[in-house]
Amino acid sequence: MAWPARIPCTFKPMISSLVGSRPQNISSPSAGSLIIPVTVTQIPGLNTLGISLTRIYYGPGGINPPHIHPRASEILTVTEGSLLVGFVTSVPDNRLITKVLQKGDVFVFPVRLVHFQRSVGNGYAAAWAALSSQNPGVITVANSVFGSNPSIPGEVLAKAFQVDKNIVELLQSKF
């Protein structure tokens, strides 16, 4: 969707209400997390401001799976619990950088690098992520690779991951 360069003069201020406390049902059964984006799609008033937010709730052991933001860097602030966070540097090193964060800690994920979070410790965790674009985009690695439509040919993925094609088909069946 294209957004105009300027907000028309008839712009009315927008107020958005987000879930303020941990929801009772963290609904993603596979990831164990609930992700609430606040981008230009939800609040058109963010257009041209170069900022957006995401609220993330993690169940015990829940994850925000490996993903990238093609148009934004991210700064994550933990507001509840503990998170293992990490990102992978680019080629040729492909070095994994990780840290365990506690409530109040902050971590930066550079633009276009694969990154993730996982709740560690004994309970729930929550965080706010601020992004440097009103429309940061998100590409979840597993969904893109194994859940594309149409599917990436199994032979290509088998060779890329150096596994049997049956393993690729099993992974594709999950998405």
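Cβ atoms are placed via backbone N, Cα and C, with glycine included.
Features reported for this protein in TrEMBL:
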BINDING   N64, H69, E74  oxalate binding site
BINDING   H67, H69, E74, H115  Mn(2+) binding site
DOMAIN    16-169  domain 'Cupin type-1'
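If you draw a 10 Å sphere around the CB of H115 (Mn(2+) binding site), it holds 21 other CB atoms from the protein chains shown.
Here the domain 'Cupin type-1' (16-169) returns a mean pLDDT of 91 for the predicted model.
For the binding-site residues given as H67, H69, the lowest number of other CB atoms within 10 Å of the residue's CB is seen at H67.
Close to the recorded oxalate site, the chain also has T54, H67, I68, A72, L76, F109, H115, A129, L131, P136, V138: residues not among N64, H69, E74 whose Cβ is within 8 Å of the site's Cβ mean position. Close to the recorded Mn(2+) site, the chain also has I68, A72, F87, F109, L113, V114, A129, P136, V138: residues not among H67, H69, E74, H115 whose Cβ is within 8 Å of the site's Cβ mean position.
Around N64 (oxalate binding site), taking its Cβ as the centre, 26 other Cβ atoms fall within 10 Å, counting all chains.
Distance between Cα atoms for H67 (Mn(2+) binding site) and E74 (oxalate binding site): 12 Å, as a whole number. Listed in sequence order, V108, F109, H115, A129, A130, L131, S132, P136 are the same-chain residues at least 6 apart in sequence whose CB falls under 8 Å from the CB of E74 (oxalate binding site).
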